[in-house]
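Visitor: For reference, the structure I am asking about is given below.
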Amino acid sequence: MSSESSFGLMQIGLATAEDIRGWSYGEVKKPETINYRTLKPEKDGLFCEKIFGPSRDWECYCGKYKRVRFKGIICERCGVEVTRAKVRRERMGHIELAAPVTHIWYFKGVPSRLGYLLDLAPKDLEKVIYFAAYMITSVDEAARHEELPNLQVEHDIEKKQLIDNRDGDIAAIARDLEGEIARLEGEGAKAADKKKARDSADRQMANVRKRADADIERLEQVWDRFKNLKVADLEGDEGLYRELRDRYGMYFEGSMGAEAIKKRLEGFDMQAESDLLRDIIANGKGQRKTRALKRLKVVNAFLTTNNSPLGMVLDAVPVIPPELRPMVQLDGGRFATSDLNDLYRRVINRNNRLKRLLDLGAPEIIVNNEKRMLQEAVDSLFDNGRRGRPVTGPGNRPLKSLSDMLKGKQGRFRQNLLGKRVDYSGRSVIVVGPQLKLHQCGLPKQMALELFKPFVMKRLVDLNHAQNIKSAKRMVERYRPQVWDVLEEIITEHPVLLNRAPTLHRLGIQAFEPQLVEGKAIQLHPLVCGAFNADFDGDQMAVHLPLSPEAQAEARILMLSSNNILKPSDGRPVTLPSQDMIIGLYHLTTKRKGSAGEGRIFGSVSEAIMAFDARDLHLNSQVKIRLEGFVPYSGWEAPEGWEQGQPAIVETSLGQVLFNETLPADYPWVEAVADKGELSRIVNDLAERYPKVVTAATLDNLKDAGFYWATRSGVTVAISDIEVPAAKPEILAGYEERAAKIQGQYDKGLIDDDERRQELIEIWNKATNDIAAVMRESLSPMNTINRMVSSGARGNWMQVRQIAGIRGLVANPKGEIIPRPIKSSYREGLSVLEYFIATHGARKGLADTALRTANSGYLTRRLVDVSQDVIVREEDCGTERGLVTPIAVADSNGELVLDENVENSAYARTLAVDVVDSEGNVLAAAGTDCGDVVIDELFKAGITEVKVRSVLTCESSVGTCALCYGRSLATGKTVDIGEAVGIIAAQSIGEPGTQLTMRTFHTGGAVSAGGGDDITQGLPRIQELFEARTPKGVAPIAEAAGRITIEESERQMRLVITPDDGTEEIAYPVLRRSRLLIEDGDHVTVGQKLINGPVDPKQVLRIMGPRAAQKFLVDEVQGVYRSQGIGIHDKHVEVIVRQMLRRVTVIESGESDLLPGELAERSRFEDANRRVVSEGKAPASGRPELMGITKASLATESWLSAASFQETTRVLTQAAMEGKSDPLLGLKENVIIGKLIPAGTGLPRYTEVTVEPTEEAKANLFTGPSAFSDFSYDTLGGDGAPEFHAIPLDDYDLGNDFR
């Protein structure tokens, strides 16, 4: 990751034959690979050492030169250069083709680039390339024009001659016939013989006429063809073409195959073509104009870059280095080889055969066939299976071509460039480590020793426990006692990273300080399980070791688990006590009436604990205790004369006192019962107001107390705890009666089936709720199940209802609700039929979960891809704009209450303008961070909405600015410059994706009054929104304000708007069963929804503009997540929506260099217009374009990022043709080329920091004997040798080398 080799751009282009020969170290002439006896590469073959370099370090092929001292010498016997064997990974060869071939990507890709350039249909192009038709490559217009009259005369003479010959022949036959007839009559022959002679003569005449007419027609055909012959004409009739060539060959040239294409490209005038196309675009319309636009894109690509279109036809094929297509010997003496070798072998074989045929001067038809086969061989090498049947290997498996090496999850991009395997890592099963502190993890001794091996070895040598590295290595491998002491010393303060797959968000990798533990399992702190989504049923985790001092510093400062208490998606704590801890703290803080010691007064906490130990006092009894350092809570009635800091006598319970002792000393007294909600509030408050150290310590205290008291609470579950409510049969009987009544009405035909279903479902839902309510009342407060659910430790009331109350209604395999309920509970046991019905839902649940996981993962991948280059690049973009966000709404009584979504909308944002009250006093200045406190103050002052900065209105040209983004939810402070907010947004939206329901719900029959339409919800709805698809059953929205009239016909309804401004009426045809949201004669406003159903975001953009479209998308996405009770901050959705609306479609190009119909980044569009306007020319006009996330990712400026996402070959084809440069601004591009990512500490503003020691430090440094004579202070530059660097063993002199 060094910065020495840094470059700012990466360009891709078309390679010409010269480039290919320039890269090559020699020509591969033979298809041989290695000699099977000697196992050495064959000369001039695919693994030849002369071309690709020696297969053993510093050794030539024939063995004349061995050893490093001959470095660089080229052996005169075998011609191999003496060098390292690893050059076989980088040296390329080439194959000189006997005939040119076209590059399949450019002719077969969609759209066909070659076809667009030469204005040929792909079908015709294929005919030419594969030798099915001739193509005219040039016509000598002047000569033809000059000679045409003479040629016409010659043609006429020849034609006349043919006619004369024909007539002469016919006359001769007629004469012969007359003679024959006369002879027959003389012989007195019968009439039949005469008829026979006549028929024979007629047949002869007909044949002569037919033959002659065919010749005349062919002559006419050839002449017409020649008269109208022009470049690019195709001729599939070989005979006609031959005759044309024989007669008029001097006036034109034509050929077949890639040669024809090559000749055309050589004589192609790009500039003239470009001017012609621009003319068509300016004046043409319809199909002609769109085709011209598409062609102009291709022509322009070659005009504006130094790419030559001849690069699309190859005269030489590059051969990739042999180590990248290896051949390895298997156990049985057989060889396994890369598919590429087979494909290259076919190319070489066919090429050599073609050369031989050309030398022999074989007939054209044979040569053409061989050329076609060569073309096909090169096609399958580049992209097997793109055209025709793929070439298969043994077992009918298609061979993997060069394109397949790049594509897909197993391709080069995703397998090796974006995700690599790393050293210094290990994995093991996890177990719980309740004794750990929040920032610690337990690391098994053996694992730690293996991970820290090089560090341990160096330290052993430093401490003189070992003479050299080799003996140190032996000591480590034999587990000598000194090794453990050294290991203990080394791992102190050296954090390790723990990761659990799937890593759905940034909390899936955190840093911990390792503690050595016995056994082989990693120990994990219970509070971080939530972040990792880990449990201890056999989950595994991976450990990674940060090596460099910078990496360790980042791990400690940014990634330590105690610094990651908040969830990046909503800014709320993720390290909340759960399950056992909650039940323990709940047990500690409940109050019990009438238990031992109630009403007593204690002089101190110790006295109360003594009474508790003596069994005189119950933990939960209400008593009075004198407390030191009591901090009152709001609402506490202080005794007269009491002052803060004095001891206070508080009425509480001992458990409550013990609970409050776990909180910080200056934290206000908590009197509430510590259930899940209360604990969440406390941790939230701690995170907001206290330093991280205090918060982490408090969380550890809560965890310890929770486990301690959970153990002592004796919470268990017995079957006797499950009490079926006595009133159940009575309630059921009442509802049975009502259900029977409904069924009766249906039998009499008073209601239809849909209504019956609806009524029954309603009745049984009521019954279920009634039984659930009765069941909750009948459970005693001390019932353990009640305590578990009430405290929020585990389970919910719905589960309890199914165990102790009633199972209720279930769905059938189609997902429709069955109108007969399961009346038993699990405690009573289900009947066979009930059990069978219940299994449907269970099976469906499992299937859905599996599908959901895959879909959700793919959604996250697309989101990351579209937003990966959104990084905070500057402090403030200086915009005045923002979004107006409500913070308070009026409730049903007209009183103001806090908006329920304020947590995810206004919270953690920056104010865009001053907030002023009715008297003009500034309550909060612009630029203030809206925390809980500020929002609370504004709410109390009666403010209902505020204008806040948003990513959507940010004016930074790349990325976004810190003020528009606001507070970083993960840290609770203003976001740092360099924070990759795009990726955090993608993770925050993708991570809860698995919890979203999969299906489009269908509750059977007419659920919504809209005729029981499927309402797409959950994950499919999120995908539909982010992909900007038009939803199913879309509802029209009013395009203008005006009066509406409804016209009904047999088949459909028409909604007609008469606009207020007098423009022409707008009609919307809708289905008759649609549910109208307006009535005849209503007045509608722009953008108002007319019928029930989902709205198409593209229509919102078209009619109401980009602002409304952005708001619509954010609200809709949030609606889906909120319906499932998942809180995500609006700003994350906004980052994605901003990326979807980043581009503009150019309508008129004005005098700018933009093409009409082109998709341009908004920043590029605005820059081009600014430039044109400043020169006093006409600017381009455009309309904002809403792109789905997949399309937006593929349309990115960075071709590396797009190619590694999807449709790799298509992206690379286009990028190479346009000679695209990748500015390397995003994260993926930099990961691919192995540079530090331009985010966080990888930004130049951090990497170019140099550390200068103070004078004092310099003086101290040189007092003792220094380990380094030329000490470097540039520790961040990494040039000095900082302490604890791992020693690469290959480069280390092992001293006693016995080899």
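Any Cβ shown, glycine's included, is placed from N, Cα and C.
Note that the structure is a prediction, hence the values are computed from the model and not measured.
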Visitor: Given that Swiss-Prot annotates C954, C961, C964 as Zn(2+) 2-binding, name the residue from C529, C877 that shares the site.
Guide: C877
Visitor: Relative to the mean position of the Cβ atoms of D535, D537, D539, the recorded Mg(2+) site, which additional same-chain residues have Cβ within 8 Å?
Guide: I430, A534, F536, G538
Visitor: Quick one: pull the CA-CA distance for C954 (Zn(2+) 2 binding site) versus C78 (Zn(2+) 1 binding site), whole Å only.
Guide: 66
Visitor: In Å, rounded, how far does the Cα of C964 (Zn(2+) 2 binding site) sit from the Cα of C78 (Zn(2+) 1 binding site)?
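Guide: Between the alpha carbons of C964 (Zn(2+) 2 binding site) and C78 (Zn(2+) 1 binding site) there are 68 Å.
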Visitor: Which residues, sitting 6 or more apart from D537 (Mg(2+) binding site) on the same chain, put a CB under 8 Å from its CB?
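Guide: Within the chain, D537 (Mg(2+) binding site) has no Cβ neighbours under 8 Å at 6 or more residues' separation.
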Visitor: As a test of the contact definition, list every same-chain residue at least 6 positions from C60 (Zn(2+) 1 binding site) whose Cβ is closer than 8 Å to its Cβ.
Guide: E49, P54, K66, C75, R77, C78, V80, E81, V82
Visitor: Comparing the binding-site residues C75, C78, C877, C961, C964, which residue's C-beta has the most other C-beta atoms within 10 angstroms in this structure?
Guide: C964
Visitor: Please tell me which one of the binding-site residues listed here (C62, C877, C961) sits closest to D535 (Mg(2+) binding site), measuring Cα to Cα?
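Guide: So, spelling it out, the nearest of the binding-site residues is C961.
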Visitor: How big is the gap, in Å, between the Cα of C62 (Zn(2+) 1 binding site) and that of C961 (Zn(2+) 2 binding site), rounded to a whole number?
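Guide: C62 (Zn(2+) 1 binding site) to C961 (Zn(2+) 2 binding site), Cα-Cα distance: 64 Å.
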Visitor: At a 10 Å cut-off from the C-beta of D539 (Mg(2+) binding site), count the other C-beta atoms across all protein chains.
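Guide: Step by step: centre on the Cβ of D539 (Mg(2+) binding site), count other Cβ atoms within 10 Å, giving 16.
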Visitor: Determine the minimum-neighbour residue: among C62, C954, listed as binding-site residues, which Cβ has the fewest other Cβ atoms within 10 angstroms?
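Guide: Minimum Cβ neighbour count within 10 Å, taken over the binding-site residues C62, C954, occurs at C62.
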Visitor: Within the same chain, and leaving aside C60, C62, C75, C78, name every residue whose CB is within 8 angstroms of the centroid of the CB atoms belonging to the recorded Zn(2+) 1 site, in sequence order.
Guide: Y61, G63, K64, Y65, R77, G79, V80
